[in-house]
Amino acid sequence: MADDAFDFIVIGAGPVGENVAQYATQGTDLTAALIDGELFGGECSYYACMPSKALLRPVSVLRTASHLPGVTGATLDARALLARRDAWVAHYDDAGQVRWATDAGLRPIRGHGRLIGERRVRVEGPDGARDLEARCAVVIATGSVPVVPALFRDLAPWGSRDATGVREVPGTLAVVGGGVVAVEAATWLAALGSDVTLLVRGERVLASAEPFASDLVAAGLRSAGVDVRFGVEASGAHRPHAHDTGLGRIHGGHVTLDLPDGPLTVEEVLVATGRRPRLDDLGLDAVGLGRDDVTAGRLPDWLLAVGDASGEAPLTHWGKYRARVVGADLAHRFGGAPPDADPPESVPVPQVIFTDPQVATVGLTEAAARDAGHRVVTSSAPWDAASGAALLQDDAAGRAQLVVDADEGVLLGATFVGPDTAELVHAATIALVGGIPVRVLRHAVPSYPTASELWLRLLEDLPVELRRAPGTL
Ligand SMILES: Cc1cc2nc3c(=O)[nH]c(=O)nc-3n(C[C@H](O)[C@H](O)[C@H](O)COP(=O)(O)OP(=O)(O)OC[C@H]3O[C@@H](n4cnc5c(N)ncnc54)[C@H](O)[C@@H]3O)c2cc1C
Ligand SMILES: NC(=O)c1ccc[n+]([C@@H]2O[C@H](COP(=O)([O-])OP(=O)(O)OC[C@H]3O[C@@H](n4cnc5c(N)ncnc54)[C@H](O)[C@@H]3O)[C@@H](O)[C@H]2O)c1
């Protein structure tokens, strides 16, 4: 017999687990247990999105201030920057998140959750083990873990948690990887005074972005003093006295990496080589499942997966969106809540990479659109093509691009690279979700002088035929 029964059991109380539990129960009499083995609020709140963006925003403001005649004397105060980070992660205390869950009518339970049978979960926590039963469904929202190549495992290397939780800034740092974690972490660690070498095994950073975005980010890193090296992979790695000295502290003696053009010796190495769904310590075998069943969606109807754990885009906003959809559906199926309207057939994934310049994307790149079989036209404009954009920061590098279906005359994707483009991309997301033809978008008038006027340049750069009403060509 289970010690406790709930309608839903959600394993993992990151942003996604919190949202799915909330949406599955709100406006109904249904109950949910929300389990976390570490901190309520998850990776995002303490070790990922929040601390990284708390560190990056002042770096970005400093960069802008240093390129705005009329502002002088802006400097980075490293201690104050780390203190800001500590405040944004609530000093790694999750009391506020636990209070939120309780106030939302959820039952927070601290401990590691493991499936022990159909609709049954054992939680091993500080007060011992406890068996729970789900009357309706169990939701896996266990997030993801970093992938660390074997070469680096015995070095006690830094991972993204150390980079966001930095306490001792390494004088010299090698960053392995050319993805989002690598380029964002290189940005704030270089600003904190580290001499950073970025080791990218491919020929560009951010390999899934538009090539012009990769080039602009690499140039931005170089201008911030980062030594960006392409086509480089370490064949050996050595470190005396490697041991984990604590979050964000230097983990032992110097690290030497064997690189094709000779050894590189640094105080610390940050391994940022990707993440995978956290599914290995979840008891999947107890219910006859493997990790591939979860990521392929081959699950019994009492078991669901959302967020990073599901293998979908590992982004907080995407996981939270899926949690809202899945949660509302559970509330409808089991609690009689009115159903939400069906989502559109295809919902695009946006992403912002908070480097200098920022990269903001949504939908398909030009290459991905062609691979998907679309006949494509693109339009492109340099950052200073709109005076409102140029006014934001003198000498700013950047570019914007639209990818348009030439037959349907609708957007397939958009990329904005430049200062504060994070706030530009949502207009494109709305246009994509609404399927608004570009001939209609021409009548969405951006204010003068704003960066949004880049939309005028982009829409003017498209073939004139796309301005006409269908059937008038
Ligand atoms: C450095 C970095 C920066 C990032 N920045 C951004 C960003 O700016 N924007 C963005 O959209 N995304 C960002 N991401 C990605 C984002 O962090 C993840 O997509 C997001 O955290 C996923 O949320 P989640 O709830 O699925 O998982 P998580 O946030 O990982 O939460 C999962 C929770 O489950 C718990 N858990 C796991 N297994 C068990 C178990 N068996 N029992 C009990 N509890 C368990 C964990 O303790 C954790 O609290 C970043 C990632 C990194 C690494
Ligand atoms: N601003 C944001 O939205 C944000 C910020 C940080 C992280 N994230 C999310 O976190 C996820 C994980 O980020 P990430 O940067 O760790 O992964 P990633 O998949 O984006 O990049 C991994 C990088 O490591 C390289 N790599 C892989 N194996 C390697 C090896 N053996 N040797 C050398 N290089 C190797 C890859 O070529 C790639 O450049 C991302 O998918 C992203 O969605 C998002």
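For all residues, glycine too, the Cβ spot is worked out from N, Cα and C.
As recorded in TrEMBL, the features of this protein are as follows:
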- 6-289: domain 'FAD/NAD(P)-binding' (DOMAIN)
- Cys44-Cys49: disulfide bond (DISULFID)
- Lys53, Gly113, Thr142, Gly143, Ser144, Asp308: FAD binding site (BINDING)
- Gly177, Gly178, Gly179, Val180, Val181, Ala182, Val183, Glu184, Gly274: NAD(+) binding site (BINDING)
- 349-454: domain 'Pyridine nucleotide-disulphide oxidoreductase dimerisation' (DOMAIN)
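Shown here: features listed in TrEMBL, placed on the structure.
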residue	record	Cβ neighbours (10 Å)
Cys49	disulfide bond	19
Gly113	FAD binding site	28
Thr142	FAD binding site	32
Gly143	FAD binding site	25
Ser144	FAD binding site	21
Gly177	NAD(+) binding site	24
Gly179	NAD(+) binding site	18
Val181	NAD(+) binding site	23
Gly274	NAD(+) binding site	16
Asp308	FAD binding site	29
By DSSP, how many residues in the domain 'Pyridine nucleotide-disulphide oxidoreductase dimerisation' (349-454) are helix, how many strand, and how many coil?
34 helix, 34 strand, 38 coil
If one measures from the C-alpha of Thr142 (FAD binding site) to the C-alpha of Cys44 (disulfide bond), what distance in angstrom results, rounded to a whole number?
12
Could you tally the C-beta atoms, other than its own, that fall within 10 angstroms of the C-beta of Val183 (NAD(+) binding site)?
28
Taking the Cα atoms as reference points, how far is Cys49 (disulfide bond) from Gly177 (NAD(+) binding site) in Å?
18
DSSP on Gly143 (FAD binding site), three-state: which is it?
coil
Nearest of the recorded positions (Cys44, Gly143, Asp308) to Val181 (NAD(+) binding site) - Cα to Cα:
Cys44
Kindly point out which of the recorded positions Cys44, Lys53, Thr142, Val183, Gly274 have a C-beta less than 6 Å from some atom of ligand 2.
Gly274
Remaining residues near the recorded NAD(+) site, that is with C-beta within 8 Å of the centroid of the site residues Gly177, Gly178, Gly179, Val180, Val181, Ala182, Val183, Glu184, Gly274:
Val175, Ala185, Val205, Leu206, Ala272
Enumerate same-chain residues with a sequence separation of six or more from Lys53 (FAD binding site) and a Cβ-Cβ distance below 8 A; give 'none' if the list is empty.
Trp88, Phe354
Suppose we screen the binding-site residues Thr142, Gly177, Val183, Gly274 by Cβ distance to ligand 1 with a cut-off under 6 Å; which survive, in sequence order?
Thr142
Find the longest CA to CA distance in the recorded FAD-binding set Lys53, Gly113, Thr142, Gly143, Ser144, Asp308; express it in Å as a whole number.
30
Of the residues named as NAD(+) binders, Gly177, Gly178, Gly179, Val180, Val181, Ala182, Val183, Glu184, Gly274, how far apart in Å are the Cα atoms of the most distant pair?
14
Identify, in sequence order, the residues in the chain of Cys44 (disulfide bond) that are 6 or more apart from it along the sequence and have a CB within less than 8 Å of its CB; answer 'none' if there are none.
Gly14, Pro15, Met50, Thr316
From Gly113, Gly143, Asp308, the binding-site residues whose CA lies within 10 Å of that of Gly274 (NAD(+) binding site):
none
